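These come from Swiss-Prot:
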- D9, H11, H43: divalent metal cation binding site (BINDING)
- 9-11, 35-36, 57-59, 101-107, 133-136, F140, R143: 4-CDP-2-C-methyl-D-erythritol 2-phosphate binding site (BINDING)
- H35: site 'Transition state stabilizer' (SITE)
- T134: site 'Transition state stabilizer' (SITE)
Amino acid sequence: MIRIGHGFDVHKFGGVGPLTIGGEKIDYPQGFLAHSDGDVAIHALCDAILGALAMGDIGKHFPDTASEYENIDSRILLRHVVSLAKEQGYVLGNGDVTIVAQAPKMLPHIQAMRSNLASDLNCELSQINVKATTTEKLGFEGRKEGISSHAVVIMNKESMSKTNA
């Protein structure tokens, strides 16, 4: 069986940088206001995986009221979500992440983000895409108040993924 999921996340800028996006530290004067490290790309990806498997959302699994998740590296959260999917017999077919940001520029960091995500997802680099866009200076992203991210995933039943490999 194939399952499709979509995720979305947004965080406002605040405090001091760097930013962490896609598991990559990006030099920027501001950081994110968030309970965890605020990695919008990974949070959207976690939500997409959880949504595909009808397992709720990131807030259900990692509530912002729980002190153990304060300032946590979101890659740890992603690896946990991947293990939950594996317990249900699912693996990533492919994933596509879109980062919406006026600044900083993402292009210099995209390949490192893809490598980080592929490692945490236990998949080939060709199974995960990361891209970035601006809002042409419109909205909160355009005013450089924060960053948002969307993610879409296809999750395959593990036995299906082995026969198609």
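Backbone N, Cα and C define each Cβ position, glycine as well.
What you are looking at is a predicted structure, and each value in this text was computed from that prediction instead of being measured.
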(request) Using DSSP with the three-state reduction, classify D9 (divalent metal cation binding site) as helix, strand or coil. (result) strand
(request) Find, among the recorded positions listed as Q102, T133, T134, the one whose Cβ has the highest number of other Cβ atoms within 10 Å in the structure shown. (result) Q102
(message) Neighbour count, 10 Å Cβ-Cβ cut-off, for H11 (divalent metal cation binding site): what number do you get?
(response) 22
(request) Would you mind ranking the binding-site residues D9, E136 by how many other Cβ atoms sit within 10 Å of each Cβ and giving me the lowest? (result) E136
(request) Calculate the distance in Å between the alpha carbons (Cα) of H43 (divalent metal cation binding site) and H35 (4-CDP-2-C-methyl-D-erythritol 2-phosphate binding site), and round it to a whole number. (result) 12
(request) Other than D9, H11, H43, which residues of the same chain sit close to divalent metal cation? List them in sequence order, counting a residue when its Cβ is within 8 Å of the Cβ centroid of the site. (result) V10, F32, A34, G38, D39, V40, A41, I42, A44, S148, S149
(message) Using the alpha carbons only, what distance in Å do you get between Q102 (4-CDP-2-C-methyl-D-erythritol 2-phosphate binding site) and H11 (divalent metal cation binding site) once rounded?
(response) 13
(message) Please report the Cα separation of H35 (4-CDP-2-C-methyl-D-erythritol 2-phosphate binding site) and D9 (divalent metal cation binding site) in Å, rounded to an integer.
(response) 13
(message) At a 10 Å cut-off from the C-beta of H35 (4-CDP-2-C-methyl-D-erythritol 2-phosphate binding site), count the other C-beta atoms across all protein chains.
(response) 18
(message) Can you give me the same-chain residues 6 or more apart in sequence from K105 (4-CDP-2-C-methyl-D-erythritol 2-phosphate binding site) with a CB-CB distance under 8 Å?
(response) A132
(request) Using Cβ-Cβ distances, find the residues under 8 Å from I58 (4-CDP-2-C-methyl-D-erythritol 2-phosphate binding site) that belong to the same chain and are at least 6 apart in sequence, listing them in sequence order. (result) G7, D9, H43, C46, D47, L50, L77, V81
(message) Can you tell me how many other Cβ atoms are located within 10 Å of the Cβ belonging to H43 (divalent metal cation binding site)?
(response) 27
